[in-house]
Amino acid sequence: MCRKINCILKLLLNMLCNNLAWNLYQNSLVTNVSFFKNTHIQLLRTFGSKTMQENYKILVVDDDMRLRALLERYLTEQGFQVRSVANAEQMDRLLTRESFHLMVLDLMLPGEDGLSICRRLRSQSNPMPIIMVTAKGEEVDRIVGLEIGADDYIPKPFNPRELLARIRAVLRRQANELPGAPSQEEAVIAFGKFKLNLGTREMFREDEPMPLTSGEFAVLKALVSHPREPLSRDKLMNLARGREYSAMERSIDVQISRLRRMVEEDPAHPRYIQTVWGLGYVFVPDGSKA
């Protein structure tokens, strides 16, 4: 009798354990399905880059018809809205009707060249980011382009994927640093007669606003966020642009030169943005000797 009872109890226990295991298995499946569903939704929200990029309009200004067609097709495939024109006159007509988030501008154009166009747009306080396309070896023109307000440059010949990476980097920077854009940062950095608002991405000399390109703001923000800390060109490039600095590249030096002309009484003997010989630059808020 006891043996039969023990057998029945074992059978019931096995059934109970199996039922419990099955329930746990089902619950794990539901949890996993829910996990994958939620993950998929999150991925769509985060990496739905095509939908996100469709909101960005790119203007290509280049007199090379084949290159214009190539870039228009490639960037459109990447999800951007793209328009292209061959010269400054066509560009001006288009800009009276449409606005763009970024311009890819060839340096060597018939009629008004890229440097003149960039200088003119910046003199009109047009904040549209500009990536200058230069011929290989035109080091002086690249430097001049950055000095008059271009945000970045790329030498010909180039891989379209490299241009795409530059475009995305500039647009990310522009989205984060657009004057008046919302930000979690509320700090206002004061030095001399100047105030830099990291929240609104604006700089003032006393009460007078001083326009900054996205590249200038990014470099200045990197400096003021590390007061009295010497920053190498490589670290400045990573902080400001999110990419490595090349020894052949002078864009950081050019941006520093532009910033010094804005904030220093004597740019040749800077007080706030000082040179650390053999390393890079340092921001000194009170203008004392570093």
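Backbone N, Cα and C atoms are what each Cβ position is placed from, and that goes for glycine too.
Note that TrEMBL annotation is computational and uncurated.
According to TrEMBL, the feature DNA-binding region maps to 186-285.
Residues annotated as domain 'Response regulatory' in TrEMBL: 57-171.
What TrEMBL records for 186-285 is domain 'OmpR/PhoB-type'. Per-residue pLDDT, averaged over the domain 'OmpR/PhoB-type' (186-285), rounds to 85.
Annotation comment: TrEMBL describes 1-21 as signal peptide.
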Helix, strand and coil counts within the domain 'OmpR/PhoB-type' (186-285) (DSSP):
33 helix, 25 strand, 42 coil
